Structure formats: C-alpha cells, structure tokens
Amino acid sequence: MDKKQQDQLKKEAATKAAEIVKPGSVLGVGTGSTVAFFIDALGQRKEKEGFTLKHIVTTSNRSKKQLEGLGFKVDELADIDQVDLTVDGADRVADNLDGIKGGGGALTLEKNVAINSKKIIWIVDESKLVHRLGGFPLPVEVLPISCEQNFRKFEQEGLKPQWRKDENGKRYVTHYGNYIIDLAADPVPAPHGLADYLDHTVGVVEHGLFLDMCDEVIIAHSDGSIEDKRK
Ligand code: 5RP
C-alpha cells in the first residue's frame, strides 16, 4: 500500500469516527496523521450542523492547534472530571485490541487521557493490524536524570533499545522534556509482563503498551470496507 492509499484509508476510518461523536459530550482527541483527518471531519460537522462539544481535551499541541484553528475551545485534562469518549490512532493493534502507541511521541499524555475516558475508539488503516503485538518499536519515555542507566538495563534485558532521534539527529525531546527509548521487542513476548516490568522501572515515565484499554477499533480496509471491531 502506498502512502496515498494509506492516507485515504486513514481518512475513511477518521470520518466514520467523527460521525459517531455525540454533540454536547466531553471528547478526548489523540495525535497523529489519522487523528488529523478526524479533526478535519469534526470541523466539517461543526460547519454543517453547528455541532458543539461540552469540552475537548487533546494529547498533543499539534492536535490542540488544529482544533483551535477550526474554532474549537480546548481544555486541559486537569480541569476535566471524565472524558466520555477518546478517539485516537494507533501504531499496531492486536487481535485482542491491545495496542502499541507513541509513534508520534505523545504516549504519556495519550495514556493519561485514555485512562480517564469512559470509552476509547482507535482509528486505523488495515496496515496497523497484527495478530500478536509487535511489528513496531515500543516507545518508552524516560527521565533524563537516569536515562543512561535505563538504556543499559534494557540492553542487558535483550530489549534492543534505540534512542529516538529528531530531524537533526539529536535525541527526541518529549512535551515533558524527557527522552524516548524505542525497544525492539518483536513480537512482544508477554505484553502484560513487559508492561509490569516497565511500570516498575524507576526513571520510566510511561510506555507505549496500551493493554486492556481500547473498546472499539474502526478499521478501513483496502477493499473499501470499514470494520467496526469491538471488545
Ligand atoms: C502518537 C500515536 C499515534 O496515534 C500513532 O503513532 C498513529 O499515528 P498515525 O495516525 O500518524 O499513523 O500513538 O503518539
């Protein structure tokens, strides 16, 4: 599948998701190129139907800027009790709807918005589907103070760490001033075991294993069908 085809599929999944957002609800909006299509589609609903939301929270400045450009007011997660629905992209989605996220480096805010959401929908093109989690570097956000120790530990554990780099070849710095180490665990041997290990590693801020969180995935297939896969 070339990029043009893939973008078309992303747009189809995103448009479908935008149709099911309820007016007056509290919406969480994720990050990435698929979500950018979702935001565009929300903007179209706003223009055509005068569609409004009670609150919107986002998982990145990129999404926030795009939403504000379309006239939506964006709130801080800290000011919201609970999000009704979060729509986000994903880097890989397994058969059981567990996922790898964070390809765009927004994993920490993405997970914080996700766990404060009543419902989570991911929007993907079919290339993101895998039977078992893997096929994509697993991002781990680490604090600069102990990142070298974390990196060496991951090497010793056989997790094949790589520093995420920015376009200038420097270490990628997250929204929160941290670094990202991408692990090459493919397939992820025991997702819950690895998540538990990372959750208990001092210096790890967050990781891209999103397990038991997603309720529904809207998948655009290259045969033109849109699949709505639920837990
Ligand atoms: C950002 C993410 C994105 O949702 C993920 O990378 C998918 O991006 P795209 O829609 O551009 O393929 O997790 O941190």
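Every residue, even glycine, has its Cβ placed from backbone N, Cα and C.
Note: TrEMBL annotation is automatic and uncurated.
For the substrate site, TrEMBL records T31, G32, S33, T34, D88, G89, A90, D91, K101, G102, G103, G104, and the single candidate of K3, K4, K128 listed with them is K128.
If you compare every pair of Cα atoms in T31, G32, S33, T34, D88, G89, A90, D91, K101, G102, G103, G104, K128, the residues listed for substrate, the longest distance is 15 angstrom. The least crowded of the binding-site residues K101, K128, judged by other CB atoms within 10 A of its own CB, is K128. For G103 (substrate binding site), applying a Cβ distance below 8 Å and a minimum sequence separation of six or more within one chain yields G32, D91, F136, P137, P139, G208.
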